[in-house]
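Here's what TrEMBL has on this protein:
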type: BINDING; residues: 39; note: Ca(2+) 2 binding site
type: BINDING; residues: 79; note: Ca(2+) 1 binding site
type: BINDING; residues: 365, 370, 546; note: Fe cation binding site
type: DOMAIN; residues: 2-118; note: domain 'PLAT'
type: DOMAIN; residues: 115-612; note: domain 'Lipoxygenase'
type: SITE; residues: 103; note: site 'Essential for stabilizing binding to COTL1'
């Protein structure tokens, strides 16, 4: 008799006594073992993060172990359990690793391949690969949640999601409870209880519970023009500012209006030509229906122009704001100026920030990180086998993304959801803004360097102190370098990329989701360079871009689940972490000299995925 020792590493969930009837089958290059029922005394030792060993005895040597079949019999209770990985030690002492990171449920049998990464054209077990993808494509079905939205997963709640992508119990989301908790923690409940407020100073009560150097700085400078301008560079929505070479037709600003704000002695046209004029254009908000869900509260929306000036001190200052875009003959567009009554100017800036808030929430944050990352995630699950190196590369960056988006569709942006109750773009406005934004969403706009160039803000000498751009470029290059290292390990030529049918199916599946043909998403990848850029877009969007416009909890480059087992990829990951550490130190050193540090794109604060 020959003995094979199978070590099963479990995790995530405590197991009840009802967990039983677990079986294992080993498949070798020469023969397979009989299906072995795991002894109940062994199963009873299953616990969170534990390792249990099972001996499987056979009459003849199985050869190299290439598959492990793991499953459980169906019983009355829902006793699914989580398997992290399995290792098999042969009678000769050889060891084989089988990553799993799956839930074992009902009578389902999970077939595990060894940890070696394989491209489809090099795989001699294609039938198992096809079975895996056929099964996944039944689970991960596309659905149009709203007309004009990116396609999403066909699930209406967390309980309808495949087990492997559901939130853990500790990660469950209750948006209403979180909203109430945030209001209380920030001290906003006192503000909401005020029947009225008489002075701007009343807003200082909001900051009672927020005491740190940053909050003090914001409280002291929130209404100053330079700080208003600074937020276009390094605030929560740092993607609206663009270099302005020609004034928009509907913008009624004139030389006479702004000459008092131009400190170089040049005319407006000369400043435009010199590249010192920037603009934030909220055209997407034009014509959007304001929230009308509360008949007792009339709500309004604006579609502002905000003209910004880089003065001789390299400060970005607002010099003209127009809130409307009237085209009716005889109806003028009021342009607000810094020289106006202080409260008129303050309110004009508030209306700009209100428009910015809505664009930030629905376009910059929801559409361009959450919903786009879900598209990549679903296509990955549908088209890439678990042994594909790109699957292993991407899976940490899609963790919980589908789950958080499903929860948002169920409770946050749905009809009568929290967003509808709390925001001026609630109701039809959500759909209108997303549909408009989809018409301008292109593949190249997700490539960070290309996005900077498109807005004319890519040069440091032209626009200094733009930390979102500077830090974003460093992180983009670090991610791209890591992806390039991994791609070179598996693809020695462009021809190998072209022959990878799963990669081609992956990008075609993503493309099929976009009703807007202008989006210019690739329908195939022909070179290693194209593959590197595409995968960098996926990872950067889910990690760094989301971190810049939100905040997170899992850190970039830290991969607790070890999907890769090849030493070459492990070394590439170490190099990636080293580069991220260097970027972190550069940002830390710079921030020590700033009154208001910019941390959003520091790698030690960037989550791996869109999970919140």
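Going from the start of the chain as shown, residues are counted 1 onward.
Every residue gets a Cβ built from N, Cα and C, even glycine.
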Q. C-alpha of residue 365 (Fe cation binding site) to C-alpha of residue 103 (site 'Essential for stabilizing binding to COTL1'): distance in Å?
A. 31
Q: Work out how many Å separate residue 103 (site 'Essential for stabilizing binding to COTL1') and residue 546 (Fe cation binding site) at their Cα atoms, rounded off.
A: 28
**Q.** the residue listed as 'Ca(2+) 2 binding site' and residue 546 (Fe cation binding site), distance between Cα atoms, whole Å
**A.** 46
Q: Calculate the distance in Å between the alpha carbons (Cα) of residue 370 (Fe cation binding site) and the residue listed as 'Ca(2+) 2 binding site', and round it to a whole number.
A: 44
**Q.** Integer average pLDDT (0 to 100) for the domain 'Lipoxygenase' (115-612)
**A.** 87
**Q.** Nonlocal neighbours by CB distance (under 8 Å) for the residue listed as 'Ca(2+) 2 binding site', same chain, sequence gap 6 or more
**A.** 54
Q.
Can you tell me how many other Cβ atoms are located within 10 Å of the Cβ belonging to residue 370 (Fe cation binding site)?
A. 22
Q | Among 365, 546, the one of these binding-site residues whose Cβ has the fewest neighbouring Cβ atoms within 10 Å | A | 365
